[in-house]
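Engineer: The feature domain 'Uroporphyrinogen decarboxylase (URO-D)' is assigned by TrEMBL to B:22-31, B:143-159. Per TrEMBL, the feature substrate binding site maps to B:27, B:28, B:29, B:30, B:31, B:76, B:155, B:210, B:323. According to TrEMBL, the feature site 'Transition state stabilizer' maps to B:76.
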């Protein structure tokens with residue numbers, strides 16, 4: 001990746017302190033942008049993800065508008081499952097819904113009989129979209145995107161979104177063999193999806209384990225971390241970001257023994273505390289509170305300044321929100337944050 | 001409370017070790033029981049809460065069926081707001097929805113112009129229901145029920161349920177004066193609601209701050225804890241339980257400087273760790289993982305045994321779930337847990 005190697009993002013992920021602190025926003029590509037909403041009219045979410053020109057354009061919109069330091073590939077965590085032939089739809093206002101929830105040992109056997117290599121074979125539209133994006137981005141890096149095995153399983157076992165992911169967490173204890181079969185297969189699927197994005201030119205990857213914070217540390221270590229590690233191993237020499245929400249009690253575990261170059265931190269834990277937990281060996285990413293995006297600018301400005309100041313306690317810092325951009329966010333506020341972060345002493 | 005003073009629950013809340021570990025279940029009264037679903041046909045949630053005979057019967061059903069060590073008053077956290085004249089409905093499958101969200105300084109002024117004493121004045125049906133319950137319960141204690149100011153505000157400011165409570169959390173920083181006005185008023189409303197239940201014979205109270213875990217510790221201390229303390233102060237000599245979900249990082253704060261006799265712990269944090277954080281001055285309540293209620297009995301049995309064993313590290317222990325009974329729970333499993341807990345060495 002000669003063109004992006006000296007970018008602020010890649011330097012921060014390697015543990016350097018670039019001239020300005022890099023900043024991007026989870027869900028920057030998508031629902032908060034009027035140009036996105038216009039482009040999406042009449043196209044269903046998963047169809048948009050698999051239309052190379054459309055996915056590329058959506059990925060690029062926030063880079064042009066905000067001047068962020070990275071693009072994140074526009075996709076959805078269930079896209080690799082769709083590529084594997086699993087029947088799934090994104091229902092607006094609800095989320096991913098599966099025609100056949102995966103609840104029993106037989107359900108798991110049926111699903112995992114699908115060869116994970118079929119994801120790579122069907123990922124042509126993803127490779128094409130990434131190719132278009134990387135060409136236009138030049139020396140701005142593209143971050144590849146995938147859901148982690150537990151968060152994918154939380155949807156698959158329930159059959160759709162759920163609050164406390166009871167059915168997936170139940171399977172871990174009620175039938176550990178089925179659970180490990182499912183999560184191990186999902187790890188291969190995520191790895192195949194990330195691999196396709198890397199082959200086509202992504203400069204880094206982020207694994208989204210959004211719901212990992214619903215687990216006890218003991219369950220996280222026994223039933224989840226090994227599979228997240230498997231999803232990120234074997235991708236070659238590429239920087240890896242690992243993200244979850246409410247993960248304070250498992251933050252050190254999310255380093256995956258150093259496999260993760262950066263760990264995402266949500267708005268609950270100050271970055272200097274996160275840096276102390278991570279032990280100075282890991283870059284921190286975060287953690288502007290999405291709730292403050294609607295506050296008066298002086299309040300938000302002070303908060304962003306505090307986030308950057310606390311981030312100095314880590315070996316390096318990538319500024320981001322603590323979770324995704326809320327749909328009703330004023331995009332001008334995001335642009336203003338980019339300018340502010342770039343103006344601050346790293 | 002002469003009749004309930006020697007009950008296992010009250011002894012555990014005072015820090016004693018009764019002959020058996022007391023056990024009850026959050027949401028034991030309600031949706032998981034067929035006799036409840038039958039009784040509720042044709043009656044809306046808030047109407048059921050304010051029908052004394054119906055609310056009393058629903059409160060008593062799980063005590064008769066499971067032999068739990070306490071009743072929890074059947075109600076909803078928005079009932080005191082309804083008593084204050086606020087327009088609110090419970091939409092099945094969604095939750096409380098307010099006709100007029102409370103978002104601006106003017107909205108707050110309009111709401112808080114309602115005298116909190118009006119809640120006490122309108123609480124006749126609550127007092128009547130509690131009177132019926134206490135009469136039938138005899139020496140089994142009734143726990144009074146109320147929502148905490150932050151969790152109530154999370155619904156009020158949003159106008160309904162939300163995932164990360166962005167609008168309420170935004171108000172804290174965007175307009176701290178409006179926030180403190182709202183939360184201070186809600187504290188008085190909760191206190192009035194608990195006061196009515198205590199006057200009519202409740203032997204203990206539990207304050208539900210279900211969404212407190214969405215806050216950073218700094219925000220919890222500055223914007224929430226003082227109001228939860230205000231809700232629980234001034235209730236006289238009554239044991240107080242304080243509960244939230246995902247509260248590991250703020251567990252010590254939830255003691256409210258010792259005002260809480262017991263702190264609820266969800267399934268994420270083992271009770272021996274919770275006891276260490278709470279410092280031996282507080283009873284722990286919890287923390288069977290609701291996900292395990294569907295596991296084969298030997299798995300659940302081992303888990304309950306582990307919960308009871310870890311609870312021995314605390315000054316005293318009230319067994320409960322880590323969060324409310326899921327609607328699809330088999331009630332026989334709950335009855336079996338009660339028998340198991342009662343058979344175990346405290």
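For all residues, glycine too, the Cβ spot is worked out from N, Cα and C.
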Engineer: Taking Cβ distances under 8 Å as the criterion, give the subset of the recorded positions B:27, B:76, B:155, B:323 near chain A, ordered by sequence.
Structural biologist: B:323
Engineer: Can you tell which of B:76, B:323 has the most other C-beta atoms within 10 Å, given these are the recorded positions?
Structural biologist: B:323
Engineer: Rounded to the nearest angstrom, how far is the Cα of residue B:76 (site 'Transition state stabilizer') from the Cα of residue B:155 (substrate binding site)?
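Structural biologist: Spelling it out, the Cα of residue B:155 (substrate binding site) and the Cα of residue B:76 (site 'Transition state stabilizer') are 12 Å apart.
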Engineer: Measure from the CA atom of residue B:76 (site 'Transition state stabilizer') to the CA atom of residue B:27 (substrate binding site) and give the result in Å, rounded to a whole number.
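Structural biologist: With distance taken Cα to Cα, residue B:76 (site 'Transition state stabilizer') is 10 Å from residue B:27 (substrate binding site).
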Engineer: Would you count the other C-beta atoms found within 10 angstroms of the C-beta of residue B:29 (substrate binding site) for me?
Structural biologist: 25
Engineer: Could you tell me which of these binding-site residues, B:27, B:31, has the fewest other Cβ atoms within 10 Å of its Cβ?
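Structural biologist: Sparsest of the binding-site residues B:27, B:31 by Cβ contacts within 10 Å: B:31.
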Engineer: How far apart, in Å, are the two Cα atoms that lie farthest from each other among B:27, B:28, B:29, B:30, B:31, B:76, B:155, B:210, B:323, the residues recorded as binding substrate?
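Structural biologist: Comparing all Cα pairs, the maximum is 23 Å.
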Engineer: If you measure residue B:31 (substrate binding site) to residue B:76 (site 'Transition state stabilizer') at Cα, how many Å is it?
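Structural biologist: For residue B:31 (substrate binding site) versus residue B:76 (site 'Transition state stabilizer'), the Cα atoms are 13 Å apart.
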Engineer: Would you kindly give the Cα-Cα distance separating residue B:76 (site 'Transition state stabilizer') and residue B:323 (substrate binding site), rounded to the nearest Å?
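Structural biologist: Between the Cα atoms of residue B:323 (substrate binding site) and residue B:76 (site 'Transition state stabilizer'), the distance comes to 15 Å.
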Engineer: How many Å separate the Cα atoms of residue B:29 (substrate binding site) and residue B:76 (site 'Transition state stabilizer')?
Structural biologist: 11
